[in-house]
């Protein structure tokens, strides 16, 4: 098992180059199953989750070559079953089911794993596939789906906004007969990116980025070349890291348009923000942040994936604040670890009451999920003393070379084997 050892009290200053989006790469990689032709995917982040996705594609029978780009040819897929040993660590594997079903008429996926953040059921994914004509069976820990002939169009009204289910239904509907309508669809940039990828292969999709998406099914998709959008959560994480360290940072190869609410909250905290077409500059030199009120909600609201990082900001800010988590009911696993570091916070229902302190202190902490890991690492960078962060598996799932990027802006961080 690996751990980070971080010597804190460092001002983080410099340049960071942002990787491709984890949350767009995964559905796009699995959507390559829909095509029989070679596809080149650019800007795929080198992280554990994309490694697992590529491993699963190869298991199914796809040819995958890895260089600066990922080259995938799913023509010869002959296995439609994703076993437990391949998908148990990655919840995103459910996104393979829709493409398998749409192209081959069948598919089965072991109920997936990943971060244990509350109750993340796949019910909405399966509801959508049933509406498209699939028969669904749950047996021995597996989701099994089949359809006679092709999937057919449907009007699908989501009773809850779901990024994952929107992606599943949209991908499957690209090869369905007729026009499928998804109402109350999620609007996240990663959904837009996945739709743009599918459109580049010949899919007919309209309304993406709104709450109603229209998909006119086609018989087949072609090959192509596509570049993944930048990771907005990685960008936000480094911006917060600089802000809490009273530093100055420029993030390159990013997209400011996907971070409007995050940049607004950083500005409220006292940061000076400048933006360009593909860069963001934050200046918090020698300024202590002000506490900001946070309430997570679906895009374009404040992203739940930035909640833990802003918790750290509020814990070292002037004043007190409330963070309300509206997406996941158990996304507070960072709180007990931050309290070990001297943070003052109380959880009541879905709220975190944060009380700013002058200084966090080094401690031995455990990264219990991906964004907890990120929050503890950036907290360690500013804490007085030595912080050790255990269970790096989670951070490696979602952040590409995070320790090297932090070192480049002044962090004293080492990866050690226990």
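Note: Cβ is positioned from N, Cα and C throughout, glycine not excepted.
Keep in mind that what you see is a predicted model, and the values were worked out from it rather than measured.
According to Swiss-Prot, the protein carries these features:
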type	residues	note
ACT_SITE	115	active site, proton donor
BINDING	22, 23	phosphoenolpyruvate binding site
BINDING	91, 120, 121, 122, 123, 124, 305, 327	UDP-N-acetyl-alpha-D-glucosamine binding site
MOD_RES	115	2-(S-cysteinyl)pyruvic acid O-phosphothioketal
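The CA atom of residue 327 (UDP-N-acetyl-alpha-D-glucosamine binding site) is located 16 Å away from the CA atom of residue 23 (phosphoenolpyruvate binding site). When the alpha carbons of residue 22 (phosphoenolpyruvate binding site) and residue 124 (UDP-N-acetyl-alpha-D-glucosamine binding site) are compared, the span between them is 22 angstrom. For the recorded site, residue 121 (UDP-N-acetyl-alpha-D-glucosamine binding site), the DSSP three-state label reads coil.
Looking only at the binding-site residues 123, 305, the densest Cβ neighbourhood within 10 Å occurs at 305. A gap of 11 Å separates the Cα atoms of residue 305 (UDP-N-acetyl-alpha-D-glucosamine binding site) and residue 23 (phosphoenolpyruvate binding site). Of all Cβ atoms in the shown protein chains, 26 besides its own fall within 10 Å of the Cβ of residue 23 (phosphoenolpyruvate binding site). When each of the binding-site residues 22, 91 is scored by how many other Cβ atoms sit within 10 Å of its Cβ, 91 comes out lowest.
Around residue 121 (UDP-N-acetyl-alpha-D-glucosamine binding site), taking its Cβ as the centre, 11 other Cβ atoms fall within 10 Å, counting all chains. Around the Cβ of residue 124 (UDP-N-acetyl-alpha-D-glucosamine binding site), a 10 Å sphere holds 19 further Cβ atoms from the protein chains shown. Every protein chain shown contributes to the tally, and the Cβ of residue 327 (UDP-N-acetyl-alpha-D-glucosamine binding site) ends up with 19 other Cβ atoms within 10 Å.
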